[in-house]
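Chemist: TrEMBL lists these features:
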ACT_SITE  S173  active site, nucleophile
ACT_SITE  D344  active site, charge relay system
ACT_SITE  H375  active site, charge relay system
DOMAIN    82-188  domain 'AB hydrolase-1'
SIGNAL    1-21  signal peptide
Amino acid sequence: MNMKHWLSIVLLISSLNCNLCDKRLERLVSDPDENRTPCEMIESRNFKCDTHWAKTADGYIIAIHRVINPILKAAKKPTIRPVVVQHGLIGSTLHWVIGRNLPYLLANYGYDVWMPNSRGNQFSQNHTFLDPEKDSDFWKFSFDEMIIYDSPAVIDYILRKTGYKKLDWIGVSQGAMIMFGLLAEKPEYSAKINLFYGLAPAVFLGNMASQLKSIAKVPGLLKIATLIKAEFAIPRSVLDPVVDQFCGELGGRNICQSVFEFLIGKNPNALNSSRLLVYIKQGINPTSFWNLVHYGSSAATGKFAKFDYGWLENLARYGSINPPEYKLSAINLKNIVIMSSDNDILVSPKDVQILKKAVKVPIIEYRVKDKNFTHGDFCIASNVYEMVNVHIVRHLRQSS
């Protein structure tokens with residue numbers, strides 16, 4: 001064997017060793033965003049972050065993260081007005097700040113950005129007298145309470161803190177749904193909203209394409225789940241080792257990506273797969289079992305109704321054996337924009353049209369041009385800026 005052949009073998013072995021080293025290093029060096037808090041995430045992007053607390057009428061204490069543009073603050077320039085950016089189901093402020101996200105864009109345009117955390121997630125597990133670790137009553141809530149208690153408390157706190165009379169509300173999925181519910185239950189709050197922008201509004205779910213709907217229709221499952229007065233959560237101490245073990249390798253990463261896409265929809269061209277571990281670790285936030293049950297009921301019945309406690313308690317609470325539907329016809333806010341997508345497996349275009357018909361005031365609907373755009377893309381898609389965010393800014397500026 002001549003020197004040329006020996007040299008080829010040495011180079012091949014070196015190449016294999018380097019590839020193995022690269023894989024080991026890839027597993028050892030994690031993305032710092034995997035473990036950052038919301039404020040750490042925000043400050044790593046050169047913005048400032050404040051945490052505020054709004055107390056609800058039923059004693060829950062809601063954490064609100066505020067994004068501050070340090071350049072505007074240093075120049076002592078006033079913000080345009082406060083904008084609330086509200087996350088979706090099993091979400092938190094983290095959903096908004098892990099990528100090329102909306103809050104940073106809005107802060108750069110001069111808006112005062114506030115991001116509330118719905119009751120029960122890891123940042124809003126405080127109460128004036130209930131202990132979430134000891135009192136099961138803490139977890140006896142669904143999105144009804146977010147509508148009736150959380151959103152009014154957040155709005156009133158922000159307006160009181162800033163001195164403005166109105167704010168803008170941008171909500172994704174559940175974050176849009178709770179505003180539709182609030183405006184239906186308490187139409188007087190329309191006087192405090194300048195623009196309501198709903199992204200993939202999870203109001204009606206009867207036509208969802210996700211297999212999660214089949215689970216919700218299993219006979220008796222929702223009634224059994226209603227008995228669970230507890231937190232729904234996957235502790236990071238359990239989640240992280242599993243994700244690190246199975247999602248770090250190439251084959252495992254593909255499996256994890258498939259599970260991820262099963263839950264929020266598939267759009268491989270817009271998913272930054274190198275950030276998959278960040279999305280999984282930071283994307284699954286606590287809520288209550290009752291909230292999931294309520295969603296299951298919405299998917300099974302196709303109605304936007306209040307929580308179903310069973311006919312006996314329904315009769316005591318509502319005066320009827322079935323839970324009443326939210327009266328969307330009572331909404332009187334005339335500045336509502338919704339954005340939907342054809343490939344959304346959770347909020348289908350059919351359900352968006354049902355929503356538009358139920359609300360009697362005119363609604364502007366914008367359909368995302370990317371035909372593969374799906375539910376989770378409204379927060380994390382690589383093309384979210386051109387598909388979604390620029391349109392939000394345009395509507396905000398037109399509403400000034």
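Residue numbers in this text run from 1 along the chain shown.
Every residue gets a Cβ built from N, Cα and C, even glycine.
TrEMBL does not curate its annotations; it predicts them automatically.
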Chemist: Per DSSP, what is the residue tally for the domain 'AB hydrolase-1' (82-188) in helix, strand and coil?
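Modeler: Counting residues per DSSP class in the domain 'AB hydrolase-1' (82-188), I get 49 helix, 18 strand, 40 coil.
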Chemist: For the domain 'AB hydrolase-1' (82-188), provide the mean pLDDT of the predicted model.
Modeler: 97
Chemist: Given a separation of at least six residues and a C-beta threshold under 8 Å, show me what packs close to D344 (active site, charge relay system) in the same chain.
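Modeler: Sequence-distant Cβ neighbours: A200, G265, F373, T374, H375.
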Chemist: Ten-angstrom check, please: count other Cβ atoms within 10 Å of the Cβ of S173 (active site, nucleophile), all chains counted.
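Modeler: Looking across every protein chain shown, the total is 28.
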Chemist: Can you count the other CB atoms that lie within 10 A of the CB of H375 (active site, charge relay system)?
Modeler: 25
